[in-house]
Amino acid sequence: MSIPRLKSYLSMFAAVLMLGQVLSAQAEEALPDFTTLVEQASPAVVNISTKQKLPDRRIAAGQMPDLEGLPPMFREFFERNMPQQPRSPRGDRQREAQSLGSGFIISSDGYVLTNNHVVADADEIIVRLSDRSELQAKLVGTDPRTDVALLKVDGKNLPTVKLGDSEKLKVGEWVLAIGSPFGFDHSVTKGIVSAKGRTLPNDTYVPFIQTDVAINPGNSGGPLFNMNGEVVGINSQIFTRSGGFMGLSFAIPIDVAIDVSNQLKKDGKVSRGWLGVVIQEVNKDLAESFGLDKPAGALVAQVLEDGPAAKSGLQVGDVILSMNGQPIVMSADLPHLVGTLKAGAKAKLEIIRNGKRQNLDVTIGAMPDDDADIGTGTGADGSAERSSNRLGVSVSDLTAEQKKSLELKGGVVIKEVQDGPAAMIGLRPGDVISHLNNQAIASAKQFTEIAKDLPKNRSVSMRVLRQGRASFITFKLAE
């Protein structure tokens, strides 16, 4: 090999080596450094332990099994977990249950945020600080609907977290959690924001932040930080089929939590807006049946009598597209928006009614302490009118008592389901039909007349009440 060619190869090798070093340095710079954030934020993160007295259901001394024949390892296990204790004269011994969670200090005088499920039904709450000192905590108040609890400990000049704005959080942004998974204090995990505005079952009023941050038992109630060291959420739940972390974690937005904590601090309870409707998601078939361009909005399946919606003129079958200018993309968006308003607030709804857009002004009510009782549907007495169409159902008029119980002006109850579309979509005897093809049903006779003229090969909606709960379903009639 000639000297010039060797020099050329050496120059190329050096260039490649330098390029690799540059790329490596850039990659290192691209990865976030959490050390400063953790050092500054950790002192305000606390471990929360609770104690609760429960009736003792352990096996009594006279009922203990014979452990002598067991191997030493198993014998020690049972002796440790099933200690022989004498019964009290009344036999009403108590045992103590303990739980573990996390929290964070939001004020230097000792207010602490955590999850409601961490401290629910606790007889004693202990907050352990980062210096391992322990303080008794007083429960200021809880809000089970958002799973937020506010505690108070006696203290001065306590370290506090910085509060951020969860509305400014972006999908793909780095986030970090500090907590006590399985009791390991101040464990740090990191990840990114996977989605915003998630709705989980039984958590209608929380637009959850979804992340892939590793969250495990004991992390509940701990803070979720952004890269500025600000708390943007409270780690609350995970989705799992194994009992452990599977990459899906959910945090309560700090904006929601602070609003709740302010109300708990001031009033000891939380009040939120209420519309008084039962809503459901608008899928592709429902969108077609209601004349919508695409699936969007919240379909009103039921309007509660004397509720704010009923007084404002909202009707069953209306599709709510926006509230105060904020679009309702999914039905779950509506409770989030309504819940942030106070009783007496005015709101403007954009709705679709009978295929036409219109605006409706409503006055928001106060959320009842308990869920409203909307009645329970029962079977009907009397003769059934045979449906002479391809739905395959026999129906009869509702009795006056049933109409009153279900708060309906009309409708029919299914007496029998034959082979056909009704059976295919899961209708059952006892189901109540109040609307068919966007028309209110007054009687069995009207139901039969409407059914005869149903369009073919097009989605048709039907409003059905089962055990008092209303929902719209769709079906298609073939040629």
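Glycine is no exception: its Cβ is also placed from the backbone N, Cα and C atoms.
As recorded in Swiss-Prot, the features of this protein are as follows:
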ACT_SITE  HIS117  active site, charge relay system
ACT_SITE  ASP147  active site, charge relay system
ACT_SITE  SER220  active site, charge relay system
DOMAIN    264-355  domain 'PDZ 1'
DOMAIN    361-468  domain 'PDZ 2'
REGION    368-395  region 'Disordered'
SIGNAL    1-27  signal peptide
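There are 17 other CB atoms within 10 A of the CB of HIS117 (active site, charge relay system), with all protein chains counted.
Across the domain 'PDZ 1' (264-355), DSSP classifies residues as 22 helix, 28 strand, 42 coil. Here the Cα atom of SER220 (active site, charge relay system) is found 8 Å from that of HIS117 (active site, charge relay system). Note: the CA-CA distance between ASP147 (active site, charge relay system) and HIS117 (active site, charge relay system) rounds to 6 Å. Other Cβ atoms within 10 Å of the Cβ of ASP147 (active site, charge relay system), summed over all protein chains shown, number 26. The 10 Å shell around the Cβ of SER220 (active site, charge relay system) contains 27 further Cβ atoms across the protein chains shown. Note on the domain 'PDZ 1' (264-355): mean pLDDT across this stretch is 90.
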